[in-house]
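Engineer: What follows is a structure written as structure tokens; I'll ask about it next.
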Number of protein chains: 2
Amino acid sequence: MAQILTTTDDGFEAAFGALLGAKREEAEDVDTAVAAIITEVRARGDAALHDLTQRFDRLDLAETGMAFTPAQIEAEIAKVTPEDRAALELAAARIRAYHERQRPTDAVWQEENGARLGWRWTPVSAAGLYVPGGLASYPSSVLMNAIPAEVAGVERLVICCPTPGGVVNPLVLLAAQLAGVTEIYRLGGAQAIAALAYGTASIAPVDKITGPGNAYVAAAKRRVFGRVGIDMIAGPSEIVVIADADNDPDWIALDLLSQAEHDESAQSVLLTPDAGFGRAVIAAVERRLETLERRAIAGKSWHDHGAVIVTRDLEEAALLSNRMAPEHLELCVADPQILSERITHAGAIFLGAWTPEAIGDYVGGPNHVLPTARSARFSSGLSVLDFMKRTTLAQMTPEALRAIGPAAERLAISEGLEAHGLSVRARLDRLNDL
Amino acid sequence: MAQILTTTDDGFEAAFGALLGAKREEAEDVDTAVAAIITEVRARGDAALHDLTQRFDRLDLAETGMAFTPAQIEAEIAKVTPEDRAALELAAARIRAYHERQRPTDAVWQEENGARLGWRWTPVSAAGLYVPGGLASYPSSVLMNAIPAEVAGVERLVICCPTPGGVVNPLVLLAAQLAGVTEIYRLGGAQAIAALAYGTASIAPVDKITGPGNAYVAAAKRRVFGRVGIDMIAGPSEIVVIADADNDPDWIALDLLSQAEHDESAQSVLLTPDAGFGRAVIAAVERRLETLERRAIAGKSWHDHGAVIVTRDLEEAALLSNRMAPEHLELCVADPQILSERITHAGAIFLGAWTPEAIGDYVGGPNHVLPTARSARFSSGLSVLDFMKRTTLAQMTPEALRAIGPAAERLAISEGLEAHGLSVRARLDRLNDL
């Protein structure tokens, strides 16, 4: 049974604190192994990639080739059913339309003294996207990572995807094609991340690496951070649902279970002002758990980490949600817009009972790569901005330098940086000579 | 002597590659010590802070207090000269005006099927700014870190600044006041970062930590990353100057030296199509090095890491600069705007000979916290966005769900996530019943 907490109970703060602070995942310590793999790829390049892929994926890259050929890609994509293709195309179109609105704008303005200031956004030149193999190989994640990069204007987009025993998910290749990615390598694990960060004879290095992965991939991304940019290191998925009694308990139960089925470490929490509704949802979850395909995973997640919290009112529910700063937040209430204005920390908000979180995983438009583990307090989901960077611009005129140069000189002197001051003074002296 | 390279020479690519790849800084390995300090602060809270400050800063916090009182702050600020105050006020006003233009805009739009999509930006609730003590205690950095947070709307801004032997830089306190920061602790090193990330009885934890620091501070920031957000871990400073022959060699020499004087590991590079001008700049640097206060540092930086590269033309200079992706880039050429359009990777561009980089360090307006070590390939300088995060919004209507729900259901099934599909199906079935 998932626990039921009630905010008016004496022990609530302690119980809620425990829920907030619970460590749901033990990070596997693979750092030493990962360091060795990176060193090997840097030293031996392609030869190391061949050896490591043989060892971990039981695949002879000399036979299959390291990169998928266009013919290999087409042959795999041909296996996709028309229905799956249509669904993926709809998703790609909607994700692209949403992200195109995120393109940032440049700005340049002139001050009265003639100085021009501003900034300019430019895309990262090359980005690498890691796509897990096997069961967790999600075509939707390919779209969610590759399309923002494509919209940003990234010139070179690369995918690394392990193909254990040679098996690849055709939908992953179709998703890559829909996002315009043609450079795809049969590489996985820390060796793929090392190849993307440092390059080998046959793979040019990239500037930014994104995408989900197992403990080895996460540790490798941490290690190459700085050499290249990385996205967040995602933790297990979470959902908070705020629901009033005017909901179908079964809908809410399914929404909670759609996080729980991801991972035993996932967390699903219902906040409701109606204790009776909370109990009805718990009963509905248990009913669904009798037949759900992934009931072992979803059941363990729900029973270990799930919770129903009965609040005084919706306002208190919003306050508790803000303390959780959830990755996903559903507002299944009569006026979700009003309630959403009380939300200060959340990765993504789904407004109203007609917006199950699963819509956002696939076809809503917003990105499904979102901050986990309360990091929505300080970070955002993946976006076009993650594949761009801003260069600031400043151009002084003699008049502008005369106006603000002396202040710069004085501050330089106060900080003990003489050459800084002299670089301004030499110019001011010239102006005085003119 | 700094080295002179010429792009038409046979060995140029190898020499340029060596310059690009040179490791200028050996990171001190303090991670074990830092881990122990963080553990101690988490376990013993304020008592640990007292002990560690006694040990590292020879300061008895029981006597001075951990936080500066308003009276203590006023007493220190009273020592600032009117000239220094005016300079700092000018800097604060210009930095604020620039950063106010960075406030991002929210967006919500409606689709034909009635679905509403968009996003909303919200500020981080609490941010902590680390300010080094002693020599590298720069009031300008206080402004550059605190003002973007203030503009972002961060409610609680905290500064930690060590005061070894009780000594504090009055200009640092004035800069804090100008940026609206009143919560200032006499804490430094890894213990300050631990206190900001985890909190103690007397210091509430923050959500984001920014600011420069020594190896201990950098290692602590890496360790608490994830628990809180952090800014970049900055490396030694760099400048690239692209200059034609129509410049005063002494101005360019001073600009190169104003990076070199920061740190023996700093790097200053001149790219010029005119070999004679390049030699004249080298001579001017050597002349200035005879008298510069920080000539030991600046000389070592210039002689170990500096370079003059003679290029075929300005276009080639821009290409080489893009490969370096410098933190600072000066364009001292006849038409700097045209040349700036060829720049794809740089933290900040200073256009024209009347814009010495030092202007940007203090009073230009753009931020001086910028990506180092070629990370301008994938990251940007500090900005208002670093203190905000974006929440995505999605609200379906029954009609919208009918239009796109089946695609979501199909993709969920193809990914083996049954509950995801059922959460959509339950709603679609209701619509069919209606």
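Every residue, even glycine, has its Cβ placed from backbone N, Cα and C.
Under the heading NAD(+) binding site, TrEMBL lists B:Y130, B:Q191, B:N214. According to TrEMBL, the substrate binding site annotation covers B:S237, B:Q259, B:H262, B:H328, B:D361, B:E415, B:H420. Among the features that TrEMBL reports, Zn(2+) binding site is placed at B:Q259, B:H262, B:D361, B:H420. If you look up TrEMBL, you'll see B:E327, B:H328 marked as active site, proton acceptor.
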Engineer: Indicate the candidate from B:E327, B:D361, B:E415 with the smallest number of other Cβ atoms within 10 Å of its Cβ, considering only these recorded positions.
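Structural biologist: Least crowded of the recorded positions B:E327, B:D361, B:E415, by Cβ count within 10 Å, is B:E415.
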Engineer: Listing the binding-site residues B:Q191, B:H328, B:E415, B:H420, which lie under 8 Å (Cβ to Cβ) from chain A?
Structural biologist: B:E415, B:H420
Engineer: What is the interatomic distance between the Cα atoms of B:E327 (active site, proton acceptor) and B:Y130 (NAD(+) binding site), given in whole Å?
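Structural biologist: Cα of B:E327 (active site, proton acceptor) to Cα of B:Y130 (NAD(+) binding site) measures 21 Å after rounding.
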Engineer: To the nearest Å, how far is the Cα of B:H328 (substrate binding site) from the Cα of B:N214 (NAD(+) binding site)?
Structural biologist: 21
Engineer: Indicate the candidate from B:Q191, B:S237 with the smallest number of other Cβ atoms within 10 Å of its Cβ, considering only these binding-site residues.
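Structural biologist: Checked B:Q191, B:S237; of these binding-site residues, fewest Cβ neighbours within 10 Å: B:S237.
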Engineer: Based on DSSP, name the secondary structure state of B:H328 (substrate binding site): helix, strand or coil.
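Structural biologist: Going by the DSSP assignment, B:H328 (substrate binding site) falls within a strand, counted as strand.
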Engineer: Within 10 Å of the Cβ of B:H420 (substrate binding site), how many other Cβ atoms can you find? Include all protein chains, please.
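Structural biologist: A 10 Å sphere around the Cβ of B:H420 (substrate binding site) contains 29 other Cβ atoms.
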Engineer: In Å, rounded, how far does the Cα of B:D361 (substrate binding site) sit from the Cα of B:Y130 (NAD(+) binding site)?
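Structural biologist: If we compare the Cα positions of B:D361 (substrate binding site) and B:Y130 (NAD(+) binding site), the gap is 18 Å.
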Engineer: Could you state the whole-number distance in Å separating the C-alpha atoms of B:N214 (NAD(+) binding site) and B:H262 (substrate binding site)?
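Structural biologist: With the alpha carbons as reference points, the distance is 14 Å.
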Engineer: How many whole Å apart are the CA atoms of B:S237 (substrate binding site) and B:Y130 (NAD(+) binding site)?
Structural biologist: 18
Engineer: Look up B:Y130 (NAD(+) binding site) in the DSSP assignment and reduce it to helix, strand or coil.
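Structural biologist: Strand, per DSSP.
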Engineer: On the three-state reduction of DSSP, what should I expect for B:N214 (NAD(+) binding site)?
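Structural biologist: Assignment for B:N214 (NAD(+) binding site) reads coil.
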Engineer: Just checking, which of B:N214, B:Q259 (binding-site residues) has the fewest C-beta atoms within 10 Å of its C-beta?
Structural biologist: B:N214
Engineer: With a 10 Å radius around each C-beta, find which of these binding-site residues (B:Y130, B:H262, B:H328) has the fewest other C-beta atoms nearby.
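Structural biologist: Checked B:Y130, B:H262, B:H328; of these binding-site residues, fewest Cβ neighbours within 10 Å: B:H262.
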Engineer: What is the separation, in Å, between the Cα atoms of B:H262 (substrate binding site) and B:Q191 (NAD(+) binding site)?
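Structural biologist: Between the Cα atoms of B:H262 (substrate binding site) and B:Q191 (NAD(+) binding site), the distance comes to 26 Å.
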Engineer: At its widest, how many Å does the recorded NAD(+) site span between Cα atoms of B:Y130, B:Q191, B:N214?
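Structural biologist: For the residues that bind NAD(+), the greatest Cα distance is 13 Å.
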Engineer: Rounded to a whole angstrom, what is the largest C-alpha distance between any two of the residues B:S237, B:Q259, B:H262, B:H328, B:D361, B:E415, B:H420 that the record assigns to substrate?
Structural biologist: 55
Engineer: Distance between B:Y130 (NAD(+) binding site) and B:Q259 (substrate binding site) at the Cα atoms, whole Å?
Structural biologist: 22
